[in-house]
Amino acid sequence: MMDGASPVDRDVSPVGLPKKRIKQNHDQVFLHNLPDAPRYTKSYMHNAEIYKCFPTKSNYILSVSYDGYVKFWHKTPNGVEYIKEFHAHNAMLLSAELSQDERLFITGADDKSLKVFDVESIDLVNIIDLEFLPKAICCFNSPSLKTSLIAVSSAESPLIFFFESGGDGEVLYTVKKHTAPVHCLRYLSTLDCFLSIDIGGMVEYWSPEEPFQKPDTAELFNMKSQTDLYIFKKQKSVPTSLEVSHFENFWSTISYPDCKVRVFDTKSGRAILELDENPSNAAKKVEALFEKEDTESSYYMSHVELGRRIAIERDIEKHGLTVGTTAIFDESEKYLLYGSIVGIKVVSIDNGTVVRIYGKDEAVRFTRLSLYQQAPKKSNLPSLDVIASNNPLVEESFQKDPTLFATAWKKQRFYLFSNMSTKFTLSDRDVYNEQVLPVTNNEGRQENGNILLGKAAIIHTTQGDISIKLYPEEAPKAVQNFTTHAENGYYDNTIFHRIIKNFMIQGGDPLGDGTGGESIWKKDFEDEISPNLKHDRPFTVSMANSGPNTNGSQFFITTDLTPWLDGKHTIFARAYAGLDVVHRIEQGETDKYDRPLEPTKIINISIVYT
């Protein structure tokens, strides 16, 4: 004790020992700043599959879809309100990103252009024409360069080009740090350096100034050999995305084909957390839970549902770098959030435990995530009188409204997870803010008035994909009916309800028992018997019926020669790939009524128009 200290400064505990400092556990506080609703509370539409949502601290939400549309929304306590939209590109979107200060939003498309938006004024402020296809975009303010720059990697070379955000499109300088195109690019303001990953899995740290080397600072690792930055090369896997935490202490990746989620310490370059999300491991967990009859586990699901989800995971893995599944951090840097086969997991970075799961019971696979942890209502300069007024409206304006924004695999909606206090019902949470059309207006579709005819289709099932060639010239009505039903999701999650070995597999009934289904015209339509098409080979796709001119929605795929069906059933397609999938479905066990004991589900059907 210091000389002259008063008795009140002394430790006067009865045991005569110093009091232990109580270590406060803030985990519950940090979790309180995350949404607590297990299911999504709202969803909103675009007319095409959505790339990502970008929430800002100024309460603007930006959503962008692959057809080049950018929508501005305003965050409200009960969701979002639409403000304005731009048709930024008449081409397929390739990349989009917010600037670090959230003032600018940049999009890039395969029309070889960048569009620059001012977020606060909600306006398109610049167009930059490129001589290359853009890949990754990063808009940053470097203290050493004292200006706002846009870094854009080329999809065709390892080069990264730098432009002024408000400039005339002149290339300021070019950097080559990789031997393959760079698809992940982030600027670390705390270190004034870039973090980049190429499509070969190589990771680099480098300064935005010449000679573009790793910053010479004691905060960073000395040699790359001391880090885990070669891990993707060693595992022969490539990250699909790169996310940096709020204070830039960590960064995360999701890589394929090893299906690993990793968290790295920024300064040491070491992997501090590795999570295995391989679908085969999930299948093993489900089997073990079935044996234990553990229905409380997050991995518990039926075999049919497991098959459906594994098929989606394999589809995502097959598309690789184009998926861009993300693993994001909360603002406290305590938790990592990412989509998985069982929903969106919230994982503790300290020990890797799953503390929360969102969307386990939803039928979609969530991919790109973004987190809003602000208060949707703000008073610019509240007075002391206002703060002390105990007015519930004032209190509400200062309350945080944590909201998780998620896009989903092959979906035209973005989804909001918020708090349980948000009132919603499952029947009205999906907002139809766009006109629901039979088919979205993508390039390459055959249009004749309102008639839309596909050239081919891919039937995504829980056993795998079946590709079929359509015959719009021979059976235009049957193809139109099948195409429109597929695009509208009519066949989604239906089953192959009737299986007869050495004959056929039948599906297309939303009731799942062979008694339901109707055409897009709400009535039976006539047969289209073509002399050019016969049931003279297996894998012929025909309309099921109950007599002449009674076609609805059901169809079947033959597995052998069936000449007795000629003249009785409309042939509108033939399978040309995934024939093994057809055989696997055919070989499934059935009851005496030809109903499968473990039905194969149709996840959805993709239509090809070119």
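Every residue, even glycine, has its Cβ placed from backbone N, Cα and C.
If you look up Swiss-Prot, you'll see SER13 marked as phosphoserine.
Among the features that Swiss-Prot reports, repeat 'WD 1' is placed at 45-83. Per DSSP, the secondary structure of the repeat 'WD 1' (45-83) breaks down as 0 helix, 26 strand, 13 coil.
Under the heading repeat 'WD 2', Swiss-Prot lists 88-127. Within the model, the repeat 'WD 2' (88-127) carries an average pLDDT of 96.
Here the repeat 'WD 3' (177-216) has Cβ contacts under 8 Å with residues 100, 135-138, 140-145, 149, 151, 153-158, 160, 162, 229-230, 232-233, 235-239, 241-244, 247-248, 251, 253, 255, 266-267, 269, 321 of the same chain, all six or more residues outside its ends. The feature repeat 'WD 3' is assigned by Swiss-Prot to 177-216.
The domain 'PPIase cyclophilin-type' annotation in Swiss-Prot covers 453-607.
Across the repeat 'WD 2' (88-127), DSSP assigns 0 helix, 23 strand, 17 coil.
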